[in-house]
């Protein structure tokens, strides 16, 4: 039977549950046999206990991902959500493998850390796509707001101009971590092969010390840009309850990083000195970090299940292929296009050329064109854009509405632009009305 059959949403979930049960039937006896065969020590016990948490984590995460695929009604919002949800199983399985095989821990851990940069970027895209749908004139909304000063510790820096400048710099601040992290990962792998990496050892002779500093500065600035972006547009983002989502992303990224640094400090101070079955005390630190992550990912899976729930997107979906839904999850053409666009904008700035305006009079040409254009959309995105109205916009609290008209850039009545009209005086007197009209026209 072809995968495009209309009832695939009915059998895909039981199939996944059945496959997981079969995996347990095969995997658990193997783990028990392995435990009995080997000499049971601290390393083996830690690996077995961590495996129990992995087995509890994966079904929770995969169930949330599967539900989003079944109810894939708003691709521009659900695609980044699915990418974020994949963080938990990737972290969990990666850490479990690294715990079992310490010799390859450096390689699997660096791949895991690269994905965290990808997650931060996709969370930013999720917020931007929601705001773009709800407020097509997002730059106008920002310009109508009071000037936002920088947050500590950058409060002494000149503020970023409200409008497309702030949008560009916040997005670039997040995007730089997506580029810096893979670059430092490649450098770390090269240093490991040449024997100068020294993971977990704070020393001026080891490359690990410098890469940790670079990654930390890049990561902190990316999270700072996210916080600043949220603070400026807090009112507009309230319907999707972003605080819980932000905390889920921030806690996984920050806690995993700082606990690795804290464990390395304990090793350096001599608090952790016993090696047990490991070869070096640094391997003990890496194994402890991987074990803790396996436990933490179970808690993160539960938090992600409720924070990034599929329920607001449950509605009558268009008939589509399960194969297309699956491929849409892996499509990264929007990321490639967005990175290329940001690199070109940075190049224009460095060369002193005028940067391309993101939010101009043409609603088809803006900062998110590369993200939402037909050339980079997945098949499900293209299918959802066939009707004249959008596929629906997340308004929060489990409610999804479908506007009857297509939003355009002309969301403010023309009389507001007339200097002779009384509405124009009202517009000058109260700039906040522009923001309300621009963001609430889809709710009417």
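Cβ atoms here come from the backbone N, Cα and C positions, even for glycine.
Matching 302-356, 357-411 against Swiss-Prot, the residues noted as region 'Disordered' span 357-411. Record note: among 252-272, 420-440, 252-272 is the stretch given as transmembrane segment by Swiss-Prot. Highest Cβ contact count with the transmembrane segment (46-66) among the listed stretches 15-35, 84-104, 182-202, 210-230, 252-272 falls to 84-104 (criterion: pairs under 8 Å).
Most Cβ pairs within less than 8 Å of the transmembrane segment (284-304), among stretches 84-104, 210-230, 252-272, belong to 84-104. Highest Cβ contact count with the transmembrane segment (84-104) among the listed stretches 15-35, 182-202, 210-230, 252-272 falls to 252-272 (criterion: pairs under 8 Å). When Cβ-Cβ distances below 8 Å are used as the criterion, the transmembrane segment (15-35) is approached by residues 44, 48, 51, 55, 58-59, 62-63, 66 of the same chain, each at least six residues removed from its ends.
Within the same chain, residues 113, 117, 120, 123-124, 127, 148, 150-151, 154, 166, 169-174, 176-177, 180-181, 184, 187-188, 191, 237, 242, 246, 250, 253-254, 257, 261 sit at least 6 positions outside the transmembrane segment (210-230) and bring their C-beta atoms closer than 8 Å to a C-beta of that stretch.
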